[in-house]
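Colleague: Quick one: structure below, then a few questions.
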């Protein structure tokens, strides 16, 4: 295995890449200098904290701490997903249920099949990958669902007036929203290895692992990303479409205003 380590000095020199981005922003008057500095500073602090937390959890190797960390990851993913729901109020609970269930089922299958072991060194990184992907998919699902409901209010009202239930009136919108949310994950699976070398595969190869073995892990990652994204978006969409209707099965127009 490759024993090369990144020193603090080399990391400081790599910071020059950020300076390049800042210079481009300044030259082109993009006004992103503060955002770049803030995002980089925040990323450094967050990663340092997470690094020490993970080091402690890995050394303790406690099942309850591992589960707690997985729930914390799902909590943060749900919190960020609901912030992207521009047209849906109070979507955190739905997001948390969707992402936690999707990630939980996927992790359970991976552990029971022997693909990974229930140890923090394997469970936590995998949970981070699938929860992050589910977060993006659920956010896209919310946005698409809200936009479609707003643009098709008249058609929905007509269906309701003809006796359709909210589920029947929203069926096409739900299907299209789930489909739109899954397209990035599906497209990524189509081009994996051809357009880009994904994170896990690149990391393993960089660490000196045999590329063929790294590919097996990446195939597993592709499977789990598709599974979690599908489960999470379906659950999220079916939990949130009801928010556009009241107890009398009427479309709540006031709730459709963009926040």
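Any Cβ shown, glycine's included, is placed from N, Cα and C.
Not measured: the values here are computed from a predicted model.
Straight from Swiss-Prot, here's the annotation block:
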type	residues	note
TOPO_DOM	1-5	topological domain 'Periplasmic'
TRANSMEM	6-26	transmembrane segment
TOPO_DOM	27-35	topological domain 'Cytoplasmic'
TRANSMEM	36-56	transmembrane segment
TRANSMEM	57-77	transmembrane segment
TOPO_DOM	78-91	topological domain 'Cytoplasmic'
TRANSMEM	92-112	transmembrane segment
TOPO_DOM	113-117	topological domain 'Periplasmic'
TRANSMEM	118-138	transmembrane segment
TOPO_DOM	139-191	topological domain 'Cytoplasmic'
TRANSMEM	192-212	transmembrane segment
TOPO_DOM	213-218	topological domain 'Periplasmic'
TRANSMEM	219-239	transmembrane segment
TOPO_DOM	240-259	topological domain 'Cytoplasmic'
Colleague: If I count Cβ-Cβ pairs under 8 A between the transmembrane segment (219-239) and each of 6-26, 57-77, 92-112, 118-138, which range comes out on top?
Modeller: 92-112
Colleague: Using a threshold of three or more Cβ pairs below 8 Å, and leaving out pairs closer than 6 in sequence, do the transmembrane segment (6-26) and the transmembrane segment (118-138) count as in contact?
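Modeller: When sequence-distant Cβ pairs are counted, the transmembrane segment (6-26) does not touch the transmembrane segment (118-138), since fewer than 3 lie under 8 Å.
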Colleague: Mean pLDDT across the topological domain 'Cytoplasmic' (240-259), rounded to an integer, is what?
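Modeller: Mean model confidence (pLDDT) across the topological domain 'Cytoplasmic' (240-259) is 74.
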